[in-house]
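Peer 1: Got these off TrEMBL a minute ago, pasting:
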ACT_SITE  Ser40  active site
ACT_SITE  Lys83  active site
DOMAIN    16-97  domain 'Peptidase S26'
DOMAIN    104-146  domain 'Peptidase S26'
Amino acid sequence: MLRHVLGKALRFLGYTVQYGCIAHCAFEYLGGVVVCSGPSMEPTIQNSDIVFSENLSRHFYCIRKGDIVIVKSPNDPKSNICKRVIGLEGDKVCTSNPSDFLKSHSYVPKGHVWLEGDNLRNSTDSRCYGPVPYGLIRGRICFKIWPLNDFGLLRASPNGHRFLDD
């Protein structure tokens, strides 16, 4: 009797570990569902919108200018932020706020990206904390899931003029 119960418990534990590993790999390498909060990505992503984030792009270094990414916050490593990639390593970026009279520019260092929210007047982003290491990128947002009337691919940046080309 004890052998039977112990056998079932060990089988259950084995299956739990196996499925736990599969789930971990799926969420770490394939992607997952993310609830976005805060006003920094408006009008593209509203507070409480639900999006799908894929994680393969970051592993294969396929992140491009204009992509919206989920990143570990440089200010608080326990939280994630959602921002748009404005510049990749070596790119010249505008580091000043839109309301500044004199515009300042800088180059994104090797191994970093420049991130900004679409709502430039209400976003804490690279203009505050500087370039972000590529390793902090968790995933790239592919499409919006919720609300259903906005389901589909995300719209282009309302700040496309901030993408500088040399």
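Each residue, glycine too, has its Cβ placed from N, Cα and C.
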Peer 1: Mind giving me a neighbour count for Ser40 (active site)? Other Cβ atoms within 10 Å of its Cβ, every protein chain shown.
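Peer 2: Around Ser40 (active site), other Cβ atoms within 10 Å: 23.
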Peer 1: State the Cα to Cα distance, in Å, between Ser40 (active site) and Lys83 (active site), rounded to an integer.
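Peer 2: That separation, Cα to Cα, works out to 8 Å.
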Peer 1: Between 0 and 100, where does the mean pLDDT of the domain 'Peptidase S26' (104-146) sit?
Peer 2: 88
Peer 1: Could you break down the residues of the domain 'Peptidase S26' (104-146) into DSSP helix, strand and coil, giving a count for each?
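Peer 2: Per-class counts: 10 helix, 20 strand, 13 coil.
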Peer 1: Can you break down the domain 'Peptidase S26' (16-97) into helix, strand and coil residue counts using DSSP?
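Peer 2: Secondary-structure breakdown of the domain 'Peptidase S26' (16-97): 19 helix, 26 strand, 37 coil.
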Peer 1: Which chain-mates of Lys83 (active site) that are at least 6 residues away have a CB under 8 A from its CB, listed by sequence?
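Peer 2: Expected: Ser40, Met41, Ile68, Val69, Val71, Leu115, Glu116, Gly117, Ser123, Asp125, Ser126.
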